[in-house]
């Protein structure tokens, strides 16, 4: 590792006392510190340096900070290298970043935005006059002092323009704020300091709308759109809310052609920035940020108040004694089950389920999107489990900054139009290997990370597991007499307390039950929305809910913490309503996923070959494909297929094939009678687009499948009316397993266990061996009607009296096997 210039080798602890961690920069964590010499506060960025690390960017940051002294640039104090730790010490800005501020206050007023733009332009003009480019202007990198001064910060990806290098040719920046000439750097031949002017225009929109344009898209897709010649510069969504001066200022700053885009100096002469703008505008903003009760009212509140009249807590009725148990409850403790089989296409939710290791760069293909991917990886060189991060504050920069990447080209983008779609023959799921020149499609921020999924899972506090006991599981009652009209249920483990929770989605809202405190026997309301579907990914609860049926994403740890605080300070009005009213939508713990209004059904699937996780959403006239983006902990739109599904409310099952980045969607299957007959899958190949004229057999006719489940990379369970076929992805019977499992009742739901298939019907369940078709478990109770509420990780079962379908229900979970968590 080469020596850094202008860096002291003295011990920085002799001068600076670290007080607390306040955020994260491009390369390291940022701490609030006290300068013991001057007694003033300072910001200290600490970067761990390893042998072989490229320190050129760190040297660049130090050099730019040292040389650029300006009232609108964070002041540089000094740098120290001690014990492989580089300390970069700067001026402390007590107001925080503008991103943090608008999270607390909501959108800025127009004159406040104008003040920020004017001050930022002053700093940029100084930088540009010194031949330097910032290359990462955004709300997270604009800091405020307590006096309302605006400072440019985080020069970790900055560059210099010299006489010999008139244009930068590296792909660098944050996707949503990136100028078109940077996104298309190879075709455009480079860029200059005017890319900062574009980024400031995007930042102005961010401050007024709480997010940059295209923010609902996956960043890779946003970059592709920006690099196209047909791309049109963004505008403010609400034309009437803002003045013509603001609209015109943005029109100039967001001029697509950089040769016609004005400089920072010229924009400082625009009426938008020359109007009277006193510092009091931002000191008032800081006062507002410190008072959360001045926050804005979320327009989504009405969606969250559909069932506020239903109780916030529901208590279980007294459990029956042994003599009062139903016949099925007696059988539940006599019949043993294997653990549910983990599907390879299920997302990996917990830190111990996967061990991330960076692959070498030789495994990356030469496309621009993958150069973006490489840069995203370099943005987070150390990947830490969530348990290590939970005690730290959220980083100031929530959106990853792209830095150093090869100078590579943009691949041709496929059309998603149904007219240009290639048809896929029914009955065959072809997966030809990708050719050497085939570019990968939109890798996620972990697409070049390899999972090692065989680690021992941590224990959790909940229903007691009995690890490594074969066939030792049974159904246990967890709630007696539930009045809710439940549609779906999942289990979840709190990342801090390790308590296991049952989460149910019902007509009356979303409720939780702590399985570690069953002696309390109390369900607590989490969300006051009607909910018809639930799924949990990385501590984010997805629900299909609301008055107009949207897909919602809920921050589970945040909601639980919010509820804990409400219990400590109870209010006289429903707390779940008032809390939502004082939190801006951008910072809300429950948010709608855009463009999902009217969604009929959803599916989540992980590609085990690439690690990508997808969300399929079936709407009446379209199909949405979204992809999980780890840095933002959310699903972002990848493709919107305008062609409607043959039956939007019918079968929707994603199937993952080797060599295919995107899943294929099975919308039907049929199989002639006979265990050796081939099953014909009806699939829609998403990489080619939907095939609108595909023929789907009507539901309910003989030979029509009711359920399709991909249990591993080449094994699929296909459930028919009275049998389950076990086939490969080509529909052929598998040689290693029984080709057909037969049942003497009409199957409603099937679940795959470790060595058997468990089929549920209205009055019970029966398990059959995957190897021999022999009965392995059977429970029948004509006095109860059974329904599976959830089978992801844990099987959750509901039963109601046969003679009184409107009665309260009992809830059960299959427990006693090795914990699903």
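Keep in mind that glycine also has a Cβ here, set from the backbone N, Cα and C atoms.
Bear in mind that the values here come from a model prediction, so they are computed numbers and not experimental data.
According to Swiss-Prot, the feature ATP binding site maps to 22, 23, 24, 25, 26, 27, 28, 29, 30, 45, an assignment based on sequence analysis. According to Swiss-Prot, the feature region 'PEST1' maps to 294-314. Residues or ranges marked as region 'PEST2' in Swiss-Prot: 344-360. What Swiss-Prot records for 405-449 is region 'PEST3'. Among the features that Swiss-Prot reports, region 'Disordered' is placed at 409-442. Sequence annotations record features per position, and here Swiss-Prot assigns compositional bias 'Polar residues' to 413-424. Taken from Swiss-Prot, the feature compositional bias 'Low complexity' covers 425-442. Sequence annotations record features per position, and here Swiss-Prot assigns domain 'CNH' to 483-794.
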**Asked** What is the number of other Cβ atoms found within 10 Å of the Cβ of residue 22 (ATP binding site)?
**Response** 21
**Fill in**
Three-class DSSP assignment, residue 22 (ATP binding site), comes back as strand
**Prompt:** Does DSSP put residue 30 (ATP binding site) in a helix, in a strand, or in coil?
**Reply:** strand
**Message:** So if I draw a 10 Å sphere around the Cβ of residue 30 (ATP binding site), how many other Cβ atoms end up inside it?
**Reply:** 22
**Prompt:** In the predicted model, what is the mean pLDDT computed over the region 'PEST2' (344-360)?
**Reply:** 50
